[in-house]
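**Q** Quick one: the structure is below, and I'll ask about it shortly.
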Amino acid sequence: MTLLQAIILGIVQGLTEFLPVSSSGHLVLASYYLGWWEKLPLYVDIATNTGTFFAVLVVLRKDVWQALSGFFAGLTSSTARQQEGWRMALLVVLGSIPTAMIGLGLKPIFEELNQPLYVSFALIVTGLVLWFTPKSGLKRNAMSLSWLDATIGGIAQGCAVIPGISRSGSTISTMLWRGATSDLAPRFSFLMYLVVSFGVAILGIDEVREEGLQLAPLLGMIIASFVTGYIALLWLFSVLKKGQFKWFAPYLWVVAAITLIKVAMG
């Protein structure tokens with residue numbers, strides 16, 4: 001892999017991880033249209049996710065600190081267990097359990113779908129989910145979300161193991177349907193992403209080593225995905241506040257249609 005390829009893939013990941021358009025699907029399509037690989041190597045997903053992981057840490061640093069400090073304080077203090085930090089931490093952990101079960105159990109199967117044809121159909125589904133998502137929830141905050149809400153959110157995130165199904169789109173849409181505010185839905189979604197992304201990185205270390213990826217391309221992917229991810233994350237919060245989430249759907253349908261035509265034409 002060249003440094004230029006690495007940077008391009010990092011930019012694609014950064015822009016599409018947080019926007020509800022499926023980063024995994026776009027990485028597959030970027031590779032397809034540029035003629036690099038028939039099947040995207042798993043280490044690309046791992047490396048680019050490292051950059052977006054740190055982008056979330058920076059943007060949501062207050063939420064991360066509140067959840068971590070609230071969790072540890074709640075272990076010894078009943079008063080702390082009545083605070084939002086403790087509640088959010090437990091919800092994130094609970095939501096991550098079904099995600100991990102789905103991911104570990106089905107990822108080997110769905111990795112075979114890392115192809116433009118399957119990605120296109122998944123993008124169409126993601127577009128439908130976004131189109132019918134309510135502009136805002138029922139103003140429920142973290143303290144009013146239930147264990148069932150978190151579990152359903154985690155299942156939605158697990159579905160994103162399918163290339164072309166947007167992780168952020170699935171989880172944010174689900175939480176809005178469950179009544180979360182347009183501010184809480186993405187915060188919960190991206191806190192869950194931190195847990196899952198960290199787990200994926202740990203599990204994928206050996207694969208990155210086996211590939212013998214050079215340091216320059218590796219850093220290129222990480223830095224590019226971090227910078228563009230930071231920008232995309234800030235923009236997404238603005239989009240949600242304006243209730244414009246559904247307008248990503250037409251873009252997905254156009255991309256899917258163009259890709260299906262190209263695949264059909266060979």
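Cβ atoms here come from the backbone N, Cα and C positions, even for glycine.
The annotation transmembrane segment is assigned in Swiss-Prot to 1-21, 40-60, 90-110, 113-133, 145-165, 188-208, 217-237, 245-265 on the grounds of sequence analysis.
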**Q** Answer with yes or no whether the transmembrane segment (113-133) touches the transmembrane segment (217-237) by the criterion of at least three Cβ pairs under 8 A, sequence separation 6 or more.
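**A** Since fewer than 3 Cβ pairs under 8 Å link them, the transmembrane segment (217-237) and the transmembrane segment (113-133) do not come into contact.
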**Q** Using a Cβ cut-off of under 8 Å, list the residues of the same chain at least 6 residues beyond the transmembrane segment (1-21) that approach it.
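**A** Contacts with the transmembrane segment (1-21): 27, 30-31, 34, 36, 44, 47-49, 51-52, 55, 123, 126, 130, 166-169, 172-173, 190, 213-214, 216-218, 220-233, 235-236, 245, 248, 251-252.
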**Q** Is the transmembrane segment (90-110) packed against any residues at least 6 beyond its ends, judged by a Cβ distance under 8 Å, and which are they?
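**A** Distant contacts of the transmembrane segment (90-110): 67, 71, 142, 145, 147, 149-151, 153-155, 157-159, 161-163, 188, 191-192, 195-196, 199-200.
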**Q** Grab the same-chain neighbours of the transmembrane segment (145-165) for me: Cβ-Cβ under 8 Å, and only residues 6 or more beyond its ends, written as numbers and ranges.
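**A** For the transmembrane segment (145-165), the nonlocal Cβ contacts are 22, 24-25, 28, 87, 90-92, 94-103, 106-107, 110, 113-114, 118-123, 125-126, 171, 173-175, 178-180, 184, 188-189, 192-193, 196.
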